[in-house]
Amino acid sequence: MEKGRWSSEDAPRASMPDELSHPKFSEWKFKLFRVRSMEKAPVQNETPVEKENQPELAMEKTSSQGSVMRLCFGGKSKENVESARGRVDLKLQEIDTHMNLLKNMCRLCGIAIQKAKGPSHEVQGVLEESSRCALRRMGCKLVTWPEVILKVFKVDVTTDMETVHPSLFCHRCWTAAIRGGGFCSFTNTRIPDWKPHTSQCNLCFPKKSSFQRVGRKRTKPLKSAHILPKRFRRDSSESSRVWRQTTENPDGKEWLKLSVQRGQWVKNITRCQRDHLSTKLIPTEVPADLIRAVTCQVCDHLLSDPVQSPCRHLFCRLCIIRYTHALGPNCPTCNQHLNPSHLIKPAKFFLATLSSLPLLCPSEECSDWVRLDSFREHCLNHYREKESQEEQTPSEQNLDGYLPVNKGGRPRQHLLSLTRRAQKHRLRDLKNQVKTFAEKEEGGDVKSVCLTLFLLALRAGNEHKQADELEAMMQGRGFGLHPAVCLAIRVNTFLSCSQYHKMYRTVKATSGRQIFQPLHTLRNAEKELLPGFHQFEWQPALKNVSTSWDVGIIDGLSGWTVSVDDVPADTISRRFRYDVALVSALKDLEEDIMEGLRERALDDSMCTSGFTVVVKESCDGMGDVSEKHGSGPAVPEKAVRFSFTIMSISIRLEGEDDGITIFQEQKPNSELSCRPLCLMFVDESDHETLTAILGPVVAERKAMMESRLIISVGGLLRSFRFFFRGTGYDEKMVREMEGLEASGSTYICTLCDSTRAEASQNMVLHSITRSHDENLERYEIWRKNPFSESADELRDRVKGVSAKPFMETQPTLDALHCDIGNATEFYKIFQDEIGEVYQKPNPSREERRRWRSTLDKQLRKKMKLKPVMRMNGNYARRLMTREAVEAVCELVPSEERREALLKLMDLYLQMKPVWRSTCPSRDCPDQLCQYSYNSQQFADLLSSMFKYRYDGKITNYLHKTLAHVPEIVERDGSIGAWASEGNESGNKLFRRFRKMNARQSKTFELEDILKHHWLYTSKYLQKFMEAHKNSVKAMQATFNPEETPEEADNSLDVPDF
């Protein structure tokens, strides 16, 4: 290859996109040169070339008025060719001179290339090997100069035009780019503002005076390849506006012929002299019509990779692409509009004729006639025969396809190139017609009419990609994601506002499209999902509750009547009003409600009343949540969360006794369905503060049970009644709310009045006797002591009630804490069996520590269970398995004890599904039927083989497991569905929201956590997250590359564990 030539793969502009008709063409607003028509004298002498073009001249007369650009490419008309000397328009020579001046200038700093010592470099080229290696060592992986220039000098050179911008940059700018490592520039390079050539061009006609200072040398004129002749001056004496020259060509240069001038101009744009074959190689015997048919209408060379325009003219693919990009999308022959995407391959017969065309071999030693399709191989054989020192091969003549090059040129004076004022003037009549049509047919919607016209025009032009984009925008879809989708992604990936905004800007800058929505649109979407947006009404109105519906996050202490003697509350609390939160949750389930009505074949318009909503309430303390940051008052570093879950929605039709369930929560123990209501920094053992905060919640709850909610669902007003079931509490919280003594009390159970001794003697036969109303009556007896009894007698009468119950709880068993409590008990049994406590009644503390260490090592070895300080849900699930007890039995010496342990675990594993299952009658009917028998067998085994441990004592949860599970399942249908597991999982979300995207202030962070947690549980957003699950995982890995340690499951406080 010759030096300086490019192959099709290595071409400097190979990365230019195929869509040369840029959609922002109208924004560029190129200023076109104004060309005035010229009257010239008739032609006296015609050259043979001009005579050959007589048919073209006749054809031109029938077409539109010729332009200067048509003159460039051989189009002749009376207005353009009338001079005896065949001179062309002077403006063409001015542009040619302007382009030659640009070739000597630096694109980046504007200085002359000769002033910067060192080689020049192609702006649109690829990196040389030395430059690429130098930048690669500094971490830059770019491969083309346009990318490096954009990165270093912040200049986009991919849209440069040859008639406006220089194509080279100097060695100084190259040095600056290399020193900056391809990322930045350490020199302050001022980028010139390159403008198209005009009559006042500063480059061609510099305004600088000839003398810079008195007494100095005259400045040297700018070097140029062409010396401009004298400027024309206009003679306005005649109305024909003839152009005359002031001197008779003083330089002695003769005017170039029109065809020669045209050829020079084309060479500057197509640059295909070395790549395309001349038509002179065709034998003279070939008819002239055939030669014209196989000749490119742009470069006058033999067709290379021929394409055909819709107007039936033939061009080289590379030449027509460069031509349209430089001078506008017009056909060089007929001046019709030409879209490069509409170019097609000619007919196969024509291509076969072109391939079989005989050509004369250009080699002097050879005079063979060679077919065009084998011409390249024939020439290669000649070059291989020459053994030259220079490695020059004929692959210079790229006879394959050619890559488009971003060459410039002044565009045709098109509608898009006009100013806004000129566009309005030109389209005034059309605008009036469209407006009249829109008012008559489309109700005055001019925008829709114009967009539809544009859409139809794109479809007619086969530009379906752009048409699809326009149609998506018209339908409101567009490229960008819906604000609700962006909100769902932000909430579920735990992004703070600043993190999301950074992602939004990065994606927008990288892709050039606004895929993600800005933060203000997300805030608008939030308002519809948060409580306080939807209107509603209560009939009758709620007692002691405001009738306003637009209530957001409020202070948790609002509604607390403060007396003079009260001290300020040592807590911070934020909550939603209970009724407002329930309304927002129902509106979030609106689609599910309507879908349930359709599935049950119920008439939507008839179902406006009789709806019943069952709500599960949960409350739990989170323990220590201390943070190092946070301004505000000193508050306890413990927190309590109160939440609710809509379990089911049913409707009772008129005349029907049974209700029809139209919505059933499929995941009642998921954190996605457990909605937060109240957050507070308070110790759950602080009865007074907890009562003060939850008191207003209890009042709102009581008022709602006596009223009906009227709300619009599915476009119709419908009435709902609410039933609340407080089941998501652990035993500690139940005792706190029902006013019972602590869990170490003699009265072991929160469901019956049994003492610990009674429960150990009779482990199975007990029934539920406690209730909220009974506890209130017993509190009054405890407070008043009407029978004047002693303390022990009074305590025995009230069965462990020692404080006023302030919230009604459902007498039930919490499945999660039952698992944790029973696993803790089994862990202690395993220790005792390893140490053979049945033979040693009073072991020392050191012995117990040794047994525990042995058990931990065995569980770590066999079950991969790491020791924990407090029993949690995950550990309990792994411990209560057949594999775990078999591993423990390896450490038990006695065969009889091993069999007893295995039987004990087998019985437990048969009973466990009954209280863990969401619907035991469906999921495990056999275990449900055998539960009473299994529990009796379990109790007998404890009383006999493990009497050393259960002689006069038993744990609280073990008593409930053996005595009360069948009764609860018979009454409620399930225990597992009403567990507190969802609230416990929500505790982990509290910590994560607090760490990731909450303001670092105790006063405001509760509001942020409450808001984000509510959005996290939105069913509406969860549907979007299902569709975008994979993108969310990728984004979460991008913004949170370091995995945060999993929060431990909330534990049951077992002091001796």
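For all residues, glycine too, the Cβ spot is worked out from N, Cα and C.
Here is what Swiss-Prot records for this protein:
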- 1-12: compositional bias 'Basic and acidic residues' (COMPBIAS)
- 1-21: region 'Disordered' (REGION)
- 39-61: region 'Disordered' (REGION)
- C296, C299, C316, C319: Zn(2+) 2 binding site (BINDING)
- 296-335: zinc finger (ZN_FING)
- C311, H313, C331, C334: Zn(2+) 3 binding site (BINDING)
- 357-386: zinc finger (ZN_FING)
- C361, C366, H378, H382: Zn(2+) 4 binding site (BINDING)
- 408-475: DNA-binding region (DNA_BIND)
- D620, D730, E984: divalent metal cation binding site (BINDING)
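Locations of recorded Swiss-Prot features on the structure.
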residue	record	Cβ contacts under 8 Å, 6 or more apart
C296	Zn(2+) 2 binding site	H276, L302, L303, S304, P306, L314, F315, C316, C319
C311	Zn(2+) 3 binding site	C331, T333, C334, Q336, L338
H313	Zn(2+) 3 binding site	Q297, C331, P332, T333, C334
C361	Zn(2+) 4 binding site	S367, D368, W369, V370, H378, C379, H382
C366	Zn(2+) 4 binding site	H382
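Over the zinc finger (357-386), the average per-residue pLDDT in this prediction is 83. D730 (divalent metal cation binding site) sits 88 Å from C299 (Zn(2+) 2 binding site), counting Cα to Cα. Separation of the C-alpha atoms of D620 (divalent metal cation binding site) and C299 (Zn(2+) 2 binding site): 84 Å, rounded to the nearest whole number.
The DSSP secondary structure for H378 (Zn(2+) 4 binding site) is helix. Apart from the site residues C296, C299, C316, C319, the chain places the Cβ of T270, C272, H276, Q297, V298, D300, H301, L303, S304, F315, L318, I320 no farther than 8 Å from the centroid of the site's Cβ atoms, the recorded Zn(2+) 2 location. Report note: the Zn(2+) 4 site is defined by C361, C366, H378, H382, and the residues of the same chain whose CB lies within 8 Å of the CB centroid of those residues, excluding them, are P362, S363, D368, V370, C379, N381. According to DSSP, C319 (Zn(2+) 2 binding site) is assigned to a helical segment. Cα spacing between C299 (Zn(2+) 2 binding site) and E984 (divalent metal cation binding site): 78 Å, rounded to the nearest whole number. Fewest Cβ neighbours within 10 Å among the binding-site residues C299, C331: that distinction goes to C331. Neighbours of H382 (Zn(2+) 4 binding site), defined as other CB atoms within 10 A of its CB across all chains, total 14. DSSP places the residues of the DNA-binding region (408-475) in helix, strand and coil in these numbers: 50 helix, 0 strand, 18 coil. Of all the binding-site residues listed (C334, D730), C334 has the fewest other CB atoms within 10 A of its CB. Helix, strand and coil counts from DSSP across the zinc finger (357-386) read 14 helix, 6 strand, 10 coil.
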